[in-house]
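Notes follow once the structure below has been shown.
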Amino acid sequence: MASAKDVSEKMKVAIDNDRTDIVCALIGELQKNPHDADTLKKVFCEPTIEGGTLLHYAVKLGKQDKVRALLSAGADPCVPNAEGKLPLDDAPAGMRMVFNEELLQATAQSNMGRVCQLLAAGVEVNLKDSEETQSTPLHWAASYGNKDMVQCLCTRRALPNEYNNSGMTPLHEAVRRGDRSVVEELLSFGADPELTVSIGEFVGQNAHDLAGDREDLLQALKAPRKPDFPDGEEVQNSIHQIPGSKANLVRFDSLASGDALTNGGDENDDDTAIPKLPTPTFKKLATFDLEVPPTPLKPVVTEEKLNLLWPQPQSIVQGGGKTFVIKDNINVFILASPGEVCPREIAELWNIRRLRFEALGVNLSLDLLTSLSDRDLPHVVCHVSGRLCPGYGTYKLTISPKQIKIVCGALESLGYAISTLMQLMSLYRGEQEIHIPTLLIDDWPELPYRGILLDFSQGRIPNIMLLEEMLDTLSTLKVNQVHLYCRFRSKTPPQWQFCFSRREVLHLVDFCRLRHVNLLPVLEVGPKVQFEDLTHLYTVFADFLACFSHADFVSCGPRLSSFLLNTESEDEPVDVSDASKYVPLGREQTLQLCGYPIHDLSTSMLQQLPPNIVFNEYGVKADHDFNGFCMSLAELGIHFFVCPGTAAWNSLAGCPEAALGNIYGAVKAASTQGSLGAVVCHWTGKGHLTHQPFAWPGFLMGAGLSWNTECHLDYLLGHLSELLSHHVYQDSFGVLGEVVIELGRAETFAIRRSRNQAGEDMHNLPEEQGSILFRLLTYPDGVPLENLSTDALQLVSRHIKKCQTALNKATIHDSNKAVVKELQLTMDLMAFACKIGKALVLAGRKPGAQSSGFSVVNFGVNNLTATARTDLANRLLELTNTYKEVWAQRYLESVGLTDSVSTLRSLLRLLLPDSQSDNLLHPTSPKVV
């Protein structure tokens with residue numbers, strides 16, 4: 001692509017000639033290629049056109065369409081020209097409407113960074129959208145935005161009791177919408193719930209009336225949250241007049257501004273920024289009209305790259321000026337922590353990540369910080385102190401042009417800080433150097449325990465090399481628990497039953513310990529094991545648990561939990577004494593039981609449960625009601641974990657939409673109900689046809705959301721593939737993550753079409769019996785075809801083909817070659833399933849188009865033509881051989897492979913019932929003729 005100057009000149013010519021299409025085309029070309037992001041930023045921000053930016057120039061000429069195109073593409077309205085003026089300073093009235101529209105659109109999308117830019121550029125916070133409606137941005141936020149958007153506007157002097165032409169205040173709109181968090185935010189900024197609607201359908205009704213029978217809204221209106229500021233109006237009028245406030249910086253350097261919003265946080269998150277003094281002394285002092293210093297606004301992130309940090313930090317404040325530059329080497333100085341952590345342990349953590357730093361082109365040089373240390377060159381200073389960062393997992397990362405300062409509360413916090421630093425280096429890595437902007441990051445986890453569960457009872461089990469790779473990546477995502485699920489059977493004599501040897505398990509425990517990840521055992525018994533068999537399994541359990549002597553928790557699966565928890569009679573107290581008899585727990589270990597057995601218990605029985613047992617609330621459906629189950633536990637002070645799933649079993653490519661809905665609901669319930677943690681479970685399912693890459697969307701979502709529960713759902717929906725590519729595969733082109741997500745979307749589309757289900761409907765996802773494509777490979781004769789058509793399956797096939805084309809054209813790093821093979825095989829299996837489906841649909845069509853009943857009936861594979869069955873069988877033979885080769889590269893061949901291949905063998909028997917299908921599955925077998 002041409003230089004920024006050349007592009008700017010071309011856009012200037014296009015603006016002069018009223019060619020909006022050319023302006024949009026030039027912007028579109030730059031947006032397509034991630035490497036041109038810096039060029040686009042320079043085009044928008046550098047004052048190269050008559051002493052100003054392109055936006056200045058278009059505004060000056062009164063080119064409304066061009067201004068609209070520039071603003072919608074992200075042009076910064078806060079960059080001054082050579083005279084220090086902003087684009088809007090001399091704009092005519094007609095041009096202001098374009099800026100107003102941009103503000104309203106950003107408000108509806110809850111794009112706080114953009115809203116702050118536009119307000120700082122001079123757009124009026126209480127503007128009216130049109131003569132017909134007279135709604136303010138706060139009306140728009142109440143109708144379409146979130147609570148953070150409402151707070152953003154109110155702290156910038158938006159009027160909470162303004163009426164529009166429908167006779168409604170923002171509070172009326174929020175109540176009609178039914179969003180309690182928005183209602184509470186408006187009330188905290190002085191919205192009057194007693195004001196009545198002045199005209200229209202609801203005339204004479206106040207907010208209480210509009211709430212109807214919504215108990216949650218009525219409670220919010222009756223007991224509004226206390227204002228976040230001592231006097232809302234006073235703060236609104238003074239917030240932009242704070243001498244030296246970060247709020248003043250936004251006008252001069254909005255893209256590297258200090259006025260950036262916190263990336264999430266608890267609903268009462270303002271506690272970290274707003275001093276609260278809920279003591280009698282505070283109230284007493286407040287009556288003397290003492291001047292309370294205004295509290296700075298929650299910071300807003302305007303630098304788009306920072307939004308790709310994952311998990312998202314709780315607070316980021318951007319600075320301005322020069323960047324911190326890293327070339328080839330960087331000195332890391334360790335400041336000793338007397339009596340807390342020795343320098344050797346700190347150096348060990350850095351050395352564990354050395355290979356990852358070297359992959360970024362950075363060599364670490366570790367040394368102690370002394371008076372003789374050379375601090376003239378850019379360097380890192382690292383200090384661990386529980387007194388300076390007392391919160392669990394807390395760390396502070398301060399980046400200035402000459403120094404990166406890391407202060408942590410403990411070694412695990414240091415690991416989190418190093419992970420964030422590596423992500424920053426990766427995001428801001430250039431061809432020759434790394435330029436990291438000045439930042440202040442304050443971060444901590446919202447949930448103490450953030451984990452995943454791997455089902456190693458059967459099926460597709462990663463080999464040691466792949467497992468180490470997974471564990472290392474999970475640790476960089478700040479996961480601190482990995483649960484290993486094993487199902488035991490009663491055998492005589494007692495013997496080791498886990499898929500890895502004792503030596504391998506001890507190695508994995510040590511591997512995780514160095515990364516401050518707790519590897520935990522999950523005990524379960526097979527379906528044939530009875531309560532009487534538990535005594536024979538005690539030594540087996542003890543042998544297995546001996547490898548996990550440092551584990552904080554020991555979990556039991558659903559069947560074993562039902563044996564250990566006696567809840568048969570409500571007349572007798574709940575008995576958990578069997579737990580100590582049959583599970584050999586260490587003194588420092590806490591028992592976790594499955595929550596299923598206590599779902600139907602009365603309150604009196606729940607109160608009898610001992611306080612030293614933790615319950616795991618499992619749920620895998622997208623719409624699972626975690627909140628309903630967890631609320632009763634929280635109200636009785638019972639400790640619990642939430643355990644959603646990856647939705648990547650009994651399928652070929654998983655169902656990322658279901659995983660997101662399931663995990664998001666679980667983490668929200670965990671946050672509001674006081675859960676100890678969240679564990680994302682990856683179950684093995686049937687057939688084991690789902691490759692490991694399709695579990696990563698769930699793992700990634702769980703890691704980020706359990707750290708920062710206020711991450712917005714819309715953000716995840718729009719950026720999940722990018723986050724996958726960046727943090728799991730280190731794929732700068734973004735292809736691998738997108739292929740993983742798009743294949744999952746294609747499979748979910750097929751499920752919905754087979755049910756005639758709406759595109760936004762999340763009911764019964766993932767499908768319990770397996771996805772449609774999965775069932776077409778495992779038992780095609782039982783697949784419901786009534787709502788499927790060849791056109792729908794053709795759409796899926798085309799989607800798969802596009803993914804194949806993108807993957808074939810992509811530049812793939814050697815470390816991802818095995819992943820690519822698995823994705824290619826998955827696409828081949830999906831395309832093959834579609835081929836079977838189309839053949840069945842064509843064979844099952846009713847001849848009479850107007851006949852009653854279903855238009856398609858599944859007559860089974862046997863009713864396909866001999867030619868069709870032979871063609872399918874030949875293709876299946878090719879796929880089966882490839883399937884076994886790909887499995888052998890990254891998974892244990894001794895576990896699961898035979899069972900998985902038997903699934904494909906069963907399909908071959910259906911296709912060729914009269915042939916020696918078992919012999920044909922041999923790798924050297926000729927094709928069927």
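The chain as shown is numbered from 1 upward.
From the backbone N, Cα and C atoms, a Cβ is placed for every residue, glycine too.
Unlike curated records, TrEMBL annotations are generated automatically.
Some features that TrEMBL has for this protein:
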- 50-82: repeat 'ANK' (REPEAT)
- 133-165: repeat 'ANK' (REPEAT)
- 166-198: repeat 'ANK' (REPEAT)
Sort the residues of the repeat 'ANK' (133-165) into helix, strand and coil with DSSP and give the three counts. 16 helix, 0 strand, 17 coil
Under the DSSP assignment, what numbers of helix, strand and coil residues are found in the repeat 'ANK' (166-198)? 17 helix, 0 strand, 16 coil
Determine which residues of the chain contact the repeat 'ANK' (50-82) at the Cβ level, with the cut-off under 8 Å and only residues 6 or more beyond its ends counted. 8, 11-12, 14-16, 18, 20, 23-24, 27, 31, 40, 43-44, 88, 90-92, 94-95, 98-99, 101-102, 117-118, 120-123, 250-255
Let's see if you can do this one: DSSP helix, strand and coil counts over the repeat 'ANK' (50-82), in that order. 16 helix, 1 strand, 16 coil
Grab the pLDDT values for the repeat 'ANK' (166-198) and give me their mean, rounded. 90
